[in-house]
Amino acid sequence: LTCVTKNTIFGITTENCPAGQNLCFKRWHYVIPRYTEITRGCAATCPIPENYDSIHCCKTDKCNE
């Protein structure tokens, strides 16, 4: 499985997930209104949202772009 780790105006950075990590995730962390910090990567299980986080998990290559 290949997941996106960064998505910038210059393109995307990906990583091949290690054995046992068969999900890609994308987490939006709301810092202040109108500003979110986005984290992407591989995971074994879908992370649990904390505070005002929103999380999307998926199982296909680069699905967390």
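From the backbone N, Cα and C atoms, a Cβ is placed for every residue, glycine too.
Under the heading disulfide bond, Swiss-Prot lists CYS3-CYS24 (among others). If you draw a 10 Å sphere around the CB of CYS24 (disulfide bond), it holds 28 other CB atoms from the protein chains shown.
Of all the Cβ atoms in the protein chains shown, 18 others lie within 10 Å of the Cβ of CYS17 (disulfide bond). The feature disulfide bond is assigned by Swiss-Prot to CYS17-CYS42 (among others).
What Swiss-Prot records for CYS46-CYS57 (among others) is disulfide bond, and it gives similarity to another entry as the kind of evidence. Taken residue by residue with DSSP, CYS46 (disulfide bond) is part of neither helix nor strand, so it is coil. Residues within less than 8 Å, Cβ to Cβ, of CYS46 (disulfide bond) and separated from it by at least 6 positions along the same chain comprise LEU23, PHE25, ILE55, CYS57.
Sequence annotations record features per position, and here Swiss-Prot assigns disulfide bond to CYS58-CYS63 (among others) based on similarity to another entry. The secondary structure of CYS58 (disulfide bond), as reduced to three states from DSSP, is extended strand.
Around CYS42 (disulfide bond), the same-chain residues at least 6 positions away in sequence with a Cβ under 8 Å from its Cβ are LEU1, CYS3, GLU15, CYS17, PRO18, GLN21, LEU23, CYS24, PHE25.
Around the Cβ of CYS63 (disulfide bond), the number of neighbouring Cβ atoms within 10 Å comes to 17. The candidate set comprises the disulfide-bonded residues CYS3, CYS57, CYS58. Of these, CYS3 has the most other Cβ atoms within 10 Å.
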